[in-house]
Amino acid sequence: MGAKVKTMERRGATWTERVYLIEICKGMATTFRHFLRNLLDNSKLYVRHYPEVQPEIPVRWRGRHRLTTHEDGTVKCVACFMCQTNCPANCISIEAGERLDGKTEKMPVKFTIDLLECIYCGYCVEACPLDAIRMDTGIFSVTGYNRDSFVLSLEELLQTPGAFSEEEYKKGGA
Ligand code: SF4
Ligand code: SF4
């Protein structure tokens, strides 16, 4: 059985629309009008001049992780594995070791987060009983040359500072 072919009538209101050239010129004129207007005055542009203008990050926004420390700079995390257990992406890996400074019994000797698998859900932050892991770094752009550079180490997590003051963070309800 042959396919039924329905021939549609070509619709074009006027002959100038049917030859396209005039319509193309009209379109280009509109493009150049906008181009010149924005070139002379870009204050009305609805775009952000990133990276010169960085976005304002709200306190509750979930960025790249960090591990918090006590006032003396020692790690707060007690390697309880709550974050690792609750992580739906299974991208946290912790190795616990004995803690010798008398603060607690355990501490992480290895703590990694694979950012390529992380879905930024924040469950790890919610699950932590000690506020030892946070996502308040304000870091939204994560780049690297290979897969390994996306795996955060314990040192990287401890060295990343928070983007907000303690008061702002608490006020933000994070
Ligand atoms: S944000 Fe979610 S997916 Fe990422 S490490 Fe935390 S719990 Fe896992
Ligand atoms: S970050 Fe918090 S939840 Fe995760 S192991 Fe450390 S203390 Fe436990």
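The chain as shown is numbered from 1 upward.
Including glycine, each Cβ sits where the backbone N, Cα and C put it.
Together with C118, C121, C124, the [4Fe-4S] cluster 2 site in TrEMBL holds one more listed residue from C80, C87, which is C87. Take the [4Fe-4S] cluster 1 site that TrEMBL assigns to C77, C80, C83: the candidate from C91, C128 listed for it is C128.
Cα to Cα, C77 ([4Fe-4S] cluster 1 binding site) and C118 ([4Fe-4S] cluster 2 binding site) are separated by 19 Å. Within the set of binding-site residues C77, C80, C121, C124, C128, C121, C124 have a CB atom less than 6 Å from some atom of ligand 1.
A separation of roughly 11 Å, to the nearest angstrom, links the Cα atoms of C128 ([4Fe-4S] cluster 1 binding site) and C87 ([4Fe-4S] cluster 2 binding site). Highlighted here are the binding-site residues (C83, C87, C118, C121) whose C-beta falls below 6 Å from ligand 2: C83, in sequence order.
Beyond the ends of the domain '4Fe-4S ferredoxin-type' (65-97), by six or more residues, the same chain brings 103-119, 121, 123-137, 152, 154, 157-158, 160-162 to within a C-beta distance below 8 angstroms of the stretch.
Following the DSSP three-state reduction, the secondary structure of C80 ([4Fe-4S] cluster 1 binding site) is coil.
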